[in-house]
Each structure stands twice: as C-alpha cells, then as structure tokens.
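The block underneath contains the structure these notes are about, expressed in structure tokens.
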Amino acid sequence: MAAAAASRGVGAKLGLREIRIHLCQRSPGSQGVRDFIEKRYVELKKANPDLPILIRECSDVQPKLWARYAFGQETNVPLNNFSADQVTRALENVLSGKA
C-alpha cells in the first residue's frame with residue numbers, strides 16, 4: 001500500500017517534499033478521493049510523519065493529487081471518478097516515481 005511504500009523511504013529518494021490532494025466536498029467525481037481520505041489517510045500519515053500531506057477541499061474543483069519535489073518541481077495526477085483503490089495506486093505511483 002502507499003503507506004508501506006512511503007515508509008520505506010521511496011518518496012524521500014526522489015526528493016519528495018509534499019503531497020497535496022485537492023477535492024470537492026460534494027461532487028460525485030471526488031467520492032473515491034473522499035473515501036480514500038476517510039479510510040486510509042490516518043495510516044498514510046502515521047507511516048510518513050515527516051512528510052506534509054495536505055488535504056484541500058474546494059467547491060467544484062476537479063480532484064487531483066499533487067506532488068512537490070526538491071527545487072520546486074511538481075507533478076499532478078487527475079483523480080476524477082477514481083475509486084479509493086485507484087487513488088491508492090496513483091499515490092503509490094507518485095511515491096515510486098512512476099507518475
């Protein structure tokens with residue numbers, strides 16, 4: 001799982017500085033992201049206490065996963081209509097450098 005991958009320091013080797021998750025509080029397209037946060041955020045944060053993991057809610061925003069690396073480099077992955085499991089896989093890909 002993403003928490004296990006991050007706890008092995010995989011993201012740290014890539015210079016990962018921060019994870020941000022943007023989502024809408026109400027839209028159906030963000031439901032999987034809301035489910036992911038509800039079910040897996042605590043485990044992920046416990047496995048990565050030094051990595052900032054920010055949750056940003058905003059009305060009518062398209063859900064996205066943002067990763068900020070060293071030197072200000074950023075990547076993002078659209079999460080629209082993803083299930084919680086698909087969000088987990090997207091996060092694992094970011095942590096392993098495949099995103």
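In case you wondered, yes, glycine gets a Cβ from its N, Cα and C as well.
Residues or ranges marked as disulfide bond by Swiss-Prot on the basis of experimental evidence: CYS24-CYS58. Swiss-Prot lists ALA2 with the feature N-acetylalanine, giving a large-scale study or a structure entry as the kind of evidence. The feature N6-succinyllysine is assigned by Swiss-Prot to LYS64, with similarity to another entry given as support. Residues annotated as N6-acetyllysine in Swiss-Prot: LYS64.
Its Cβ taken as reference, the residue listed as 'N6-succinyllysine' is surrounded by 18 other Cβ atoms within 10 Å in the chains shown. Between the CA atoms of CYS24 (disulfide bond) and LYS64 (N6-succinyllysine) there is a gap of 10 Å, rounded to the nearest whole number. Each of the disulfide-bonded residues CYS24, CYS58 was scored by other CB atoms within 10 A of its CB, and the lowest score goes to CYS58. Cα to Cα, CYS58 (disulfide bond) and LYS64 (N6-succinyllysine) are separated by 12 Å.
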